[in-house]
Amino acid sequence: MDKINAVITGVGGYVPEDVLTNEDISKMVDTTDEWIMTRVGIKERRILKGEGVGLSYMGIRAVKQLLEKTNLNPEEVEVVLTATTTPDHHFPTTSSIIAYHTGCKNAMTFDMQGACAGFLYALETGANYIRSGRYKKVVVVSGDKMTSITDYQDRSTCPLFGDACGAVLLEPTTEEFGVLDTILRTDGVGYPHLIMKSGGSAYPPSHETVDNREHFVYQDGRVVFKYAVSYMADVAAEIAEKNGLTHDDIAWIVPHQANLRIIDATAKRLGVDMDKVMINIQKYGNTSAGTIPICLWEWENQLKKGDNLILAAFGAGFTWGAVYLKWGYDGKKA
């Protein structure tokens, strides 16, 4: 029997219309456009406004677009899985809400939480469903409404985050396309350094936790940067070397968009020019699990069948990883 690979056959995406600029941020906290651009490379970010509007709002729109672009009957979708740190609710799953509103009524659904590396974890999980031979249509949704857990009184974190969500369709192929290799790593030593301290079962919500602003992102920026800048570059180089890929073989690097300096370090480690690196951090900021699928969505019309892509990410946990992806079709962005 021929080996089954899981190939991406379509990409959908959604970014909110409302823009929050560095000038807007500078009116909230003591910072400047120059400082934010120099430190992280972000000019503006998108924010999802509206009461009762969560990640599913963006996920539904990304999936509807994906289904339309791939001419797929939603009732044919067998799995909908969502990678996010900011679900609509602790329960039910955001995937169940997305599946319901997109007509994927025959799909099993579940959520995953891999922080900023969430898309890589979800992509490998979805690919394994395809590789099993039991599933033919798997939708991977990945994104975050980071503004819902961003403290706009904290000058060290509030300039960093935005909202976005992407979705990809995975299907089987016996050709050498798709998710060809994956490396995923975790080191729990990092958990105290990038965390939402309260709201879970360890520290349930209380007046005290709310007063202490413990329901927002906390980050020890220096520690996180030190690990991220080396781990993300190292794992990207490792997967390229493991698969015999030189800088000439790599069509695109698709990095998590957390910090322009980390992206630059990853490109340099691979010996790849920056014009072969997908960068949109200046427009959207760090959308956590949304960054990589939104890059694929924005660059889809530039991708060619057979292009070698290296996806790399680093996030809370610490979690990090890389995926070697051989693109399966010529760009057809709607």
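Using the three backbone atoms N, Cα and C, a Cβ is placed for every residue, glycine included.
Pulled from Swiss-Prot, these are the features on record:
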- CYS116: active site (ACT_SITE)
- HIS256: active site (ACT_SITE)
- 257-261: region 'ACP-binding' (REGION)
- ASN286: active site (ACT_SITE)
Can you tell me whether DSSP puts ASN286 (active site) in helix, strand or coil?
strand
What is the separation, in Å, between the Cα atoms of CYS116 (active site) and HIS256 (active site)?
7
Which whole number is the mean pLDDT over the region 'ACP-binding' (257-261)?
97
Structural state of CYS116 (active site), classified by DSSP into three states:
helix
Could you tell me how many residues in the region 'ACP-binding' (257-261) are helical, how many are strand and how many are coil under DSSP?
2 helix, 0 strand, 3 coil
HIS256 (active site), Cβ-centred 10 Å count of other Cβ atoms over all protein chains shown, is 32
Rounding to whole Å, the Cα atoms of HIS256 (active site) and ASN286 (active site) are apart by 8
Within the chain of ASN286 (active site), which residues six or more apart in sequence place their C-beta under 8 angstroms from its C-beta?
ILE42, CYS116, MET146, LEU160, PHE161, GLY162, HIS256, GLN257, ALA258, ASN259
Work out the three-state DSSP category of HIS256 (active site).
coil
